[in-house]
Ligand SMILES: NC(=O)N[C@@H](CC(=O)O)C(=O)O
Ligand SMILES: [Zn+2]
């Protein structure tokens, strides 16, 4: 592999918070050298990428995504999902096991890893199910799944309803030094509701999903994590009560981490249009403005560790079934960074450094991954971002098969323009996907 220079890019200095011009050399897929931007390097014989005016960041890491393959290829494939991730600036993604068949055997994990290698364009680190077929009845073969390459265990899409089952899973995961990742939802409190308890449900006379349905599992599992010592990670936090319990758990030293999605930081149930458009239906649902603010503050004070998209593509036909009958979920890769950059960084509430850390360095730390860093010697997972130009979200341009987003038409800044994984350019705004 020839060496590559990315010249004249802007990097964020973590200490000063200033953007500084830098050049970076990539050798054999690894970050080899950073040079001060004052004079151009001698790049004879190397490929050169001019990053003038663009931000250089470590590629984003998304620890909660749905690639739908095997089984739901009409919604997404490993090819289309990783292309969408690349366009969104994500270089490492962790797909959930709620596929068909469920990723609950070494063979399914191997299938996903093989497909990702041959057809994917970004790094794919799969989770395996906690219970067979995600039915909550019988644990999967944790040692064999770890051996096959699963990076953690989760029944995402559903909560593990039985506390003893969860405790057994945690004890076993702990013995293998593996994390448990939990979709927190007590089914007995939900009963088929499509939206959160709150203003929208009241206005339309709908049964609502209560906040406790999430927080009860968070509280239960923090106690079980304390009892077993396992690294316990809470999926898509959406309620003020969950944030409170996480804060308490962390304050007494429980090994608990958590994640939040852009939509739970930007939208409340009061934003759902009266048309009942199912592109506003996801699980957990959009909660009250008070919950949104609690999630933002939880992220800001470190109670919530990282940002994930919960990219959950569905077909247009499925989403056209209406609020009551459409499946839960919205796409996320191609809007995540521009949304958060525009709404939190450009408005002055967050620093750019804070947002980047929540999408790169901290997810790598939480899941002990050697990515999310621009240090020399690290894999060259690098992205370039245009912070200057405003563009409206247009699902017609998405690389995901999903068109299910509530953010259509939002005018945003911070669009990625180039994505490199292991030193290979896999996507550019100009050329599209490069395999
Ligand atoms: N988040 C969603 O609304 N849907 C996810 C499942 C999940 O992450 O819980 C899906 O698989 O569609
Ligand atoms: Zn989930």
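Glycine residues also receive a Cβ, built from the backbone N, Cα and C atoms like all the rest.
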Quiz item: In TrEMBL, the residues 183, 236 are said to bind Zn(2+) 2. Which of 156, 269, 271 is said to bind at that same site?
Solution: 156
Quiz item: Need a hand: TrEMBL gives 66, 67, 68, 283, 314, 328, 329 for substrate, which of 42, 98, 255 is also on that list?
Solution: 98
Quiz item: Given that TrEMBL lists 64, 66, 156 as binding Zn(2+) 1, which residue among 310, 381, 386 does it place in the same site?
Solution: 310
Quiz item: Under 6 Å from ligand 2 by Cβ, which binding-site residues from 64, 66, 156, 329?
Solution: 156
Quiz item: Taking the Cβ of residue 328 (substrate binding site) as centre, how many other Cβ atoms lie within 10 Å?
Solution: 15
Quiz item: Near residue 98 (substrate binding site), which residues of its own chain have a C-beta under 8 A away, given they sit six or more steps off in sequence?
Solution: 66, 129, 134, 155, 156, 157, 158
Practice problem: Determine the binding-site residues, out of 64, 67, 68, lying near ligand 1 in the sense that the CB is under 6 Å from one of its atoms, and give them in sequence order. | Solution: none
Self-check item: Overall pLDDT of the domain 'Dihydroorotase catalytic' (53-241), taken as the mean
Solution: 98
Quiz item: In the structure shown, with every protein chain counted, which of the binding-site residues 66, 329 has the densest set of Cβ atoms within 10 angstroms of its Cβ?
Solution: 66
